[in-house]
Amino acid sequence: MGEYVERQWAPSSTFGLSRREQTGGTYLAFVPGVLGAQGPPISASTFSVVADAQSTVSRADGIIGESELYLNHLLLRSESIASSLIEGHVISAKKLALADVLGRGKENAVAVLQNLRAMEYAIDVVAEKWDIELEDLVQLQQTITPDLERGFRTQQNWIGGGYSPLTASFVPPPESEVVPLLDDLLAYVNQSEHPPLLKAAIAHAQFETIHPFIDGNGRTGRALIHAILKRDGITDRAVLPISTVFSTAKDHYIAGLTAFREEPPNVDLWVQEFCQSAVRAAGNVVLLKERADELDELLRERHHAWRSGQGIPAAPRADATVERVRRDLASQPVLTVAATAERYGVSRPAAERALTELADAGVLSVSKNHRGVRAAFVSDEHLHLVTLAERSNKAGGWDTADEATASRLALPESTLRWPPGDPVFHTQSRSGDYGNPQSPSGLGY
């Protein structure tokens, strides 16, 4: 059980503050209960929801197969844009891609790029470790907000309320509690035998409750989700674009996190909300793969038709630069001549000929800078796929014609309606062993 502790507040400076904001007073900071290795109590029905949702995510991950080589480029950007959107950073997929390739962009572009780098770090580095450590959390946050002082906060922070915690909507634990609570959180992440999806849900909510940094907590906490899911084997291939669901149902996301830190905490409500989001995200992974495969075939046909119209063989040689570039567009939808020459080991003139041909064929467009000079070649249709998950969520979770997607995933009824049904549940450890469904410890009590 958590507890509220009474603290005193007095502004260090009154310059620019209203009379009300200048007034000091008493406020309550919330210190969450420790998780331990077993985590908080979870009901059997919620464990059933977790088992169904985790099975769905695993099936989606299996469907991806070798497509991960190009799909994760799109999924990572989709997830990074959505996670940043929750924090108020709005940017199009095209502007993000151009900033990434050209190495420059406006403030919002830079902020989302930093979030993208943190996501990559979570998946490529943190997820490869057996035990996640405090320094991993620091590095994730530092990647997101490199201009801030490195390390955990040494002062009180709050959510809402402007310049004073007295009117805040939530006040996290005092700074002296941050490291002990994070030690406990990581002990749970590293030692618990909870299923990975449940572990990620609880770890994320506890992290957001602790709010251990001055800024960047939300984005760091969502990156932590991916590190846990990848490390514990539920997303071996695909990045689960769960933030795209959170961002399009932000009220539900915040309500779930709020329920987690209520007294008494409603952990089950949050976990079920998290699982529902994961199921929708899994459906969007499969939908993206299908749309990407369809697009690749469409662009192949368009390119070949253009070549035929030019009186040259419709299909280039398989090892031709232009063919290699077209095949790889999902993983590199924005290209420059220099980068293309380096990637494929060809001369710049050869790279330019390949890119120009694809532009002439209507496969690529040309993006120009503010001076009207060509900056890059762009596959707009692939970048459109980056926002597919968000558009799908807004349309109700499956886009327009995607009961078929749900069918291929064999989504259990309990994950598609709320409250959930009551199928048999299981728990799974990091080693792949299944716990005893009847044992009290298996239920987290």
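Cβ coordinates are placed from backbone N, Cα and C, and glycine is handled just like the others.
When pLDDT is averaged over the domain 'Fido' (132-273), the result is 94. Here TrEMBL flags 132-273 as domain 'Fido'.
For His211, the entry in TrEMBL reads active site. According to DSSP, His211 (active site) is assigned to coil rather than to any helix or strand.
Other C-beta atoms found within 10 angstroms of the C-beta of Gly216 (ATP binding site) number 23, with every protein chain shown included. The ATP binding site annotation in TrEMBL covers Asp215, Gly216, Asn217, Gly218, Arg219, Thr220, Gly221, Arg222.
Under the heading region 'Disordered', TrEMBL lists 412-445.
According to TrEMBL, the feature compositional bias 'Polar residues' maps to 426-445.
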Rounded to a whole number of Å, the separation of the Cα atoms of Arg222 (ATP binding site) and His211 (active site) comes to 12
Within 10 Å of each Cβ, count the other Cβ atoms, then let me know which of the recorded positions His211, Arg219, Arg222 comes out lowest. His211
Round to the nearest Å and give the CA-to-CA distance linking Thr220 (ATP binding site) with His211 (active site). 10
Excluding Asp215, Gly216, Asn217, Gly218, Arg219, Thr220, Gly221, Arg222, please set out which residues of the same chain place their CB within 8 Å of the center of the CB atoms of the ATP site, keeping sequence order. Glu87, Gln141, Ile144, Glu208, Phe213, Ala223
